[in-house]
Amino acid sequence: MGRADKSVPGCFGYPLSIFFIVINEFCERFSYYGMRAVLVLYFKYFLRWDDNLSTVVYHTFVAICYLTPILGAIIADSWLGKFKTIIYLSIVYAVGQVVMSVSAINDLTDGNRDGVPDTIPLHVALSMIGLVLIALGTGGIKPCVAAFGGDQFDESQDKQRSRFFSIFYLSINAGSLLSTIITPILRGQMCGIHTQQKCYPLAFGVPAALMVVALVVFIAGSGMYSKVSPQGNIIVKVIKCISFAIKNRYRNRSKSIPKREHWMDWANEKYDELLIAQIKMVLKVLFLYIPLPMFWALFDQQGSRWTLQADTMNGNFGAIQIQPDQMQTVNPILILVLVPVVDIIVYPLIKKCKLNFTPLRKITVGMFLAAMAFVVAAIVQREIDPTLPKFPKINEVQVKVINLGTENLNVSYKENLNLPSETLSSYKASAYMDLPVDSTIYFTYGNISQGFPFEGFSGETRYTYIVRNDNRVEAIWDEDISRKPEQGNNAIKFINNLQETITVMVDNENVTDILPFSFSNYTMLKLGVKTIKGITESGKNCSVQSMEFGFGSSYTIIIKECSSSMSIDYIEDIKANTVHMALQIPQYFLITCGEVVFSVTGLEFSYSQAPSNMKSVLQAGWLLTVAVGNIIVLIVAGASGLSEQVKSIVINIVPFCNA
């Protein structure tokens, strides 16, 4: 049992086989983090789930990804060995990525070609199947790859093995960095057979291709690997031994029976001392893992709460615009810088100062830095909250009125609403008013008045009325956008107040034909100044340079005149994001510093402290702390029932600090 008895090729003092393992890990992490980077936005904007459901499903998926390592470790250490386990579960992993990509094809069920899938449950079902397969694959191989890399070193290469775990962690973050830059760009492309939509199939398809590459690379190094044979069903032995020790201690609880040095010593009657000693080692390490899930409860919210936070911020960095899911790249960028700095400069300096910076102290410092990162995140959220629009509640609507008439318009409501009437001059708009869904609104021009009951209105929705006077009161309504525009876009719709139909173009792209006294559909515009052109039914051409649009705003634009130039008015429906994404950098810096001293230390500590026949098992135990951390997020989110982002952030710090 043990290593294959052969000479292993080397390079710079390292076994050549580890380079295949590092490249495999790079590709696999590209696949995983690339898919995960766009996952919460896929839930929100493709499947149309709300923020809370998106967050819950996201963390459930991550939790399963870190629960399945136990299964992978049992298979590797007990039956197949690490090498075969990695290959078989990588195939499952790749299939899951392909299914995920197929689930995101909009045209799959878009029979009427309106750009919206007709059978959302089918897409949800495929997504869930894909995510389950991915969770089985990535979780199953996760404890095996790191431990398999450690197996490539002999006992005289402790220094090289320690450095390997840093290199291994760098490959993880290099893959994460590139994927979190590339996949949001791929998602932002427009693709589709019948209608052009955000290209989630491509954003999931490229990670699927990288997973296939990871599998091929790993198999290519097969002849160079040092492969440790599985040593029997060690997990079952451990469980039976622990159970026997507990039962035996309970049976011999009399005070007259002498105590034993350790409670596991009660298994001496049936199990050999070597196994008991190994279990003591593992239990000692697992006991130290108890507070560690609190770190991951905070850390993994970079992909959910922090991404949703970035969705309400200004991503304009001058020459480039950063998408909310791309802000996650700050973490791997900092990792690539900080791991070598900490490894080569910080730790040697601490050693020169004769400070005993033990692995447990490193882990403690990492946890403290993660807590500080969320204190900063809460402060940033306090800056964001006042800038966010207030949307209507379940049984309410919000109504805005625009006066397109030639006289002053009086707007009033039923008396029992206790709302004051409002007078609007020509081309002026009211603020959004919170009203019950069964209200009636009254419009008055001079002596002419008419009531309009809300018919067809849905709760939690915004509406705009346009009103004019022509010997009578004319009014029509349109549904407004009732959420912040995604990806920093600006949601723009036009109102035609001309006497004829007009074709509107923005930057030479045709938007729509708008009938007189009518609304257009929304069009999404990027940051900056746009050229708005119009061609009327009678052949008049007009154009105007727009205002400079910001990041995540919504405007209703009234076309008042089209002669040599276009005369327009702007009605601001949703303010642009004003808090800059750069304010997230300090929280990313703090949590990354915490990760460097916490996670790299934990990987090496888990390997070095494990008995030779339980390397994968203890790696799985380390990864299990990640799963528990994500479960904590789910419990806290479900128990709190809080919709405000800042409360969600703060409430996640509390159990961490209590630990």
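The backbone N, Cα and C atoms fix where each Cβ goes, glycine too.
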Among ranges 7-24, 25-42, whichever one TrEMBL labels transmembrane segment: 7-24
Long-range Cβ neighbours of the transmembrane segment (333-350) (under 8 Å; 6 or more residues past either end): 163, 166, 169-170, 173-174, 176-177, 357, 588-589, 592-593, 595-597, 600
Contact check, the transmembrane segment (120-141) vs the transmembrane segment (167-187), 3+ Cβ pairs under 8 Å, seq sep 6+: no
Cβ-based contact of the transmembrane segment (199-220) with the transmembrane segment (167-187), 3 or more pairs under 8 Å: yes
The transmembrane segment (281-299) in contact with the transmembrane segment (362-380), cutoff 8 A, at least 3 CB pairs, sep 6+: yes
